[in-house]
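Note sheet for the following structure.
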Amino acid sequence: MDERARGRAFRRDHAAGGRVRGAATEPRSLEPSRASVDVPLCATAMQTGTLARRRTRPSMFGIETSMLRHLPIERLRNVGIVAHVDAGKTTLTERILFYTGRIHTIGEVHHGTTTTDSEPSERARGITIQAAAITCDWRDHRIQLIDTPGHVDFGIEVERSLRVLDGAVVVIDAVAGVQPQTETVWRQADRHDVPRIVFVNKLDRPGASFERALASIEARLGARVAPIALPIGEGEDFVGVVDPIRRRALIWRGEGDGRAFDEVALSGALVDVAERARARLVDLCADVDPGFAEAYVERGDADDATFVRALRRGTATRSFVPVLAGAAYANKGVQPLLDAMIALLPSPADRPPVRGRDGEERPPSEDAALAALCFKVVHDDWGQRAFVRVYSGTMRRGDPVRLAPRGERVRIGRLVRVFAASVEDVEEVRAGGIAAVLGGSIASGETLCDPAAEIVLEAIDAPAPVITVALEPTTRGDRDRMGTALHRLCSEDPSLRLRTDPETGETTLSGMGELHLQIAVERLETTHRVKVRASAPRVAYRETVSRVAEHETKHVKMSGGPGQYAHVRVRLEPGARGTGVVFVDQVRGGEIPAQYVSGVEKGVRLAATSGVLSGSPVVDVVFTLLGGSFHSNDSSELAFQICAERAFREIMPLAGPVLLEPVMELEIDVPEGAVGSVIGDLGARRGRVVALEGEGDARRVRALAPLAELAGYVAALRSLTQGRGTASMRLEGYAAVPESLVAKAIAKA
């Protein structure tokens, strides 16, 4: 019996609210008993005043609920919701808020009424643009949740969120499977060593397949999957999930808000489904937990607690990834996900001590010295809000802290816990907590630490931009305000880069894509009330070299007073892709004193910001200082900096300069009849197809194409496919511009 047939059977058996054939017990609703306190499902103590008399509800992992008081760090979960665009992250987040009692009405993305998408641009487009922080409570645990964007242009929001989170829920579309941005966020989570669980969403959609989604996770993400909530039915027949650990089924009936569902015994084919899944979990758990293996061999089975302990260990070590089935929009499968978040994802206390750049460590304890990181800054009607994650110690209102590495000492002003667009005042934030500091001048990436125990935490690196627009204010008043507004935008979003040409005075803004810059320009008007005219987007080129060259340069300046003298011998050669500018000091025998070498490096890095072909930044080169000479009276660090700048500009033409352009990886879903037209259009755009996947009427084209040729591509794709095609893209890397197109590219740069 396939998944759809199982779903139809369950819907038939439960149409009148009866029990499953062969079930040992009557179905039980998970709604609170009417004899208990009349409160929303999983309401907080703040909402109810008391939960002391509330009856414990069944949990997928046997987690009990009691009165919420001050929560120890072990009961905190800092979790991010990440995925490809349109996988259903915000829809899922809205249900999480509803089932935890944080909101009382479910908002929808297509209505522009969701809690976390509060910006006008987000509601107009139906996508998340800025990561939104919210706090909710579930079964005596506090979940500090961050809903992140799925569009590739806003990857910095995902990067800095994962930097401060302890766990993540990766949402995957059951129809599309793993998509390009899914791979990107997965790699980001790997880089920050973030344990994660997967929620396979949209199982109520036509074409949904849980098994295909699992296969795509293993094939494209390289992860071992551990399904802990399997679907009963797929498409319109999706009615619930099988819990193989407790050997139970959870069934949602009708089209209500999903708060009420039945937990029933397994029967028929579902028994086999659960036992096969359980056997798979046994193998995975035995590999990571020797205690589990011993208990299983001794008793021939494992109890729920032993299973959960092993699953938690495997999740924390990233030996495998637990996977749950559901359909957030249909209000099915979200409560088991909440149970998994608190049962399987680590608390801040489970994570290793945070390390400073000099090797110092701070344990996740409120009794340790304060160490916190500002990971995001926003400016709105509240003024500046600096979002901070406290790794150790306690941050209190009015306490003095040091901002590292700049060394400034400030006092913490107003502290708030953020709930999307609203805030709640708090007096302190303990280790593991996430909150915002209102006012002040805290910058994104800065460390807030105890003045008596300074530590500098690793900052958040922003990617280099790939596209640029020139901005011109429409009125004199806009001109006066534009500079301040742009600097605020860039302080909020480190992946935006602002530049003013010193010769022409032209102001340019660079970002990660057309949509990124469109949103930035819109925010200038809606948030900062500055109207500007933006030029057509220009591709952000790079320059490199193709061969090895050596050169020497002297800088001599005598003007009657102290002179300037510097002499350098240098080599420039191609470097590995993605390494930027590598500086190597090979001076021997004291030809150049060490105090002047730093001046050479400064000069090289300054000169590399503008190449000789298009004025674009120089990347992927190795600059070696071989030697030179100095004068005991007239040499200085500044003289060697000036000399190195000139040497770099003189050696670039000798090393065969090459213009590089950004190349995008595209994933295009099209109907079978349009494949030929789409591939032909890609060829005309200098694209190259790397794979053609799928069967029948749903085909997926994976290709590489230069960004310079992709202006207006989405509109062109809609035309080629009669509106049925969709595309997503991400930066794959840089490649040399064909020689025949270099002059044209330079003219547009």
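Backbone N, Cα and C define each Cβ position, glycine as well.
Model, not experiment: these values are computed from the prediction.
Annotation source TrEMBL lists GTP binding site at 83-90, 147-151, 201-204. All protein chains included, K89 (GTP binding site) registers 28 other Cβ atoms within 10 Å of its own Cβ.
What TrEMBL lists as compositional bias 'Basic and acidic residues' is 1-16.
If you look up TrEMBL, you'll see 74-349 marked as domain 'Tr-type G'.
Residues or ranges marked as region 'Disordered' in TrEMBL: 1-36.
All chains included, 23 other C-beta atoms sit within 10 angstroms of the C-beta of H151 (GTP binding site). D86 (GTP binding site) has a Cβ environment of 20 other Cβ atoms inside 10 Å.
DSSP assigns A83 (GTP binding site) to a strand in the three-state reduction.
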